[in-house]
Amino acid sequence: MENKKTIYFLCTGNSCRSQMAEAWGKQYLGDKWNVYSAGIEAHGVNPNAIKAMNEVNIDITNQTSDIIDANILNRADLVVTLCSHADAVCPSTPPHVNRVHWGFDDPAGKEWPEFQRVRDEIGERIKRFSETGE
């Protein structure tokens, strides 16, 4: 199906939140959307993000931490920023690109339950989007 839409999840370091969002996006939206994630910087995939997603049987060990790709950004149908920093510093998006902000706490450097909570919140938000388009 070549006429898939493109959704692009952005956060500061493409380490935790946007990695989880990419994985949930592929699970819930993969049949209709090309799903990508990136950051203003590339901090590497957080090992606890990998562990948290493994807990819900989603393997993100092959996902990479990438900086924002202008080509993907410019052709994206929807850009979703996941933290206030990325929302403020995100490159300008072309007029045809729909951009929304879904804020989630950054679990990096926090206790393990924070990773589980943020993982579940992101999963629920993307599931809702897959069901309602909002």
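Easy rule for this one: first residue shown is 1, then count along the chain.
Cβ atoms here come from the backbone N, Cα and C positions, even for glycine.
Look at Swiss-Prot and you will find Cys11 (among others) tagged as active site, nucleophile.
According to Swiss-Prot, the active site, nucleophile annotation covers Cys83 (among others). Neighbour list (Cys83 (active site, nucleophile), Cβ cut-off 8 Å, at least 6 residues apart, same chain): Cys11, Thr12, Arg17, Gly103, Phe104, Asp106.
Look at Swiss-Prot and you will find Cys90 (among others) tagged as active site, nucleophile, backed by sequence analysis.
According to Swiss-Prot, the feature disulfide bond maps to Cys11-Cys83 (among others), an assignment based on sequence analysis. Under DSSP, Cys11 (active site, nucleophile) is assigned to a strand (E or B) in the three-state scheme. Of all Cβ atoms in the shown protein chains, 29 besides its own fall within 10 Å of the Cβ of Cys11 (active site, nucleophile).
Annotation comment: Swiss-Prot describes Cys83-Cys90 (among others) as disulfide bond. When secondary structure is read from DSSP and collapsed to three states, Cys83 (active site, nucleophile) falls in the coil class.
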